[in-house]
């Protein structure tokens, strides 16, 4: 099936493969990817390169119908996840490893790798826009706006978990962590059940169940949006200096990510309600 390579979606995937390979190859040649941030960036580029290449091969050889999963849902969810992961790496890597005074060939390779990563994000974003379901098309749930938002909500929750620090002993913060965990688990189960074609076994109307879940998740995140900054910054000022591992900066990051997920669940509720009613 040569259309897997010659269609606009195929061209976007080929571009993502080449650009992600270029990004991790250049960074590997510099040897500057230590610590959790560098490891995350390298994992992102290698993971996206491998899975996208596998997707291309399966579609080229027309082997994907043999897999026990919903292929359209899987590719839609992966392209959205890859776009989010590569975007994060495109921001984290230069902020962590490229200094303000940059004139050596080593720094030039880092700059080219960052540029390749940004272009790779654009390639995945184009794929998401090309494969997104049009109004009235419900062939695959994860290609619709609510489905793509589910992937976004789960990814933001993972970022929140990576920043959690010093929350034990405070009931308000522990409630916020419970909110993040409960919503993440249910959102992840919805994604897994959709890709695994297990939604038909749910003994209740799926669309109305999603509306109810989105409403409850919105209320829970609303409480977390209020309680997290209230308990995190109560009686505390920003220390000086405050580096990347500073707890104050991490709490600030969790605050903004909580607001992002609150907005995502609000939009998800609006779209889900429109789809049902």
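Cβ atoms are placed via backbone N, Cα and C, with glycine included.
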Feature transmembrane segment in TrEMBL, mapped to one of the ranges 108-126, 127-145: 108-126
Close approaches to the transmembrane segment (108-126) from elsewhere in its chain (Cβ under 8 angstroms; 6 or more beyond its ends): 8, 12-13, 15-16, 19-20, 22-24, 26-27, 29-30, 32, 41, 45, 48, 79, 82-83, 86-87, 89-90, 93-94, 97-98, 102
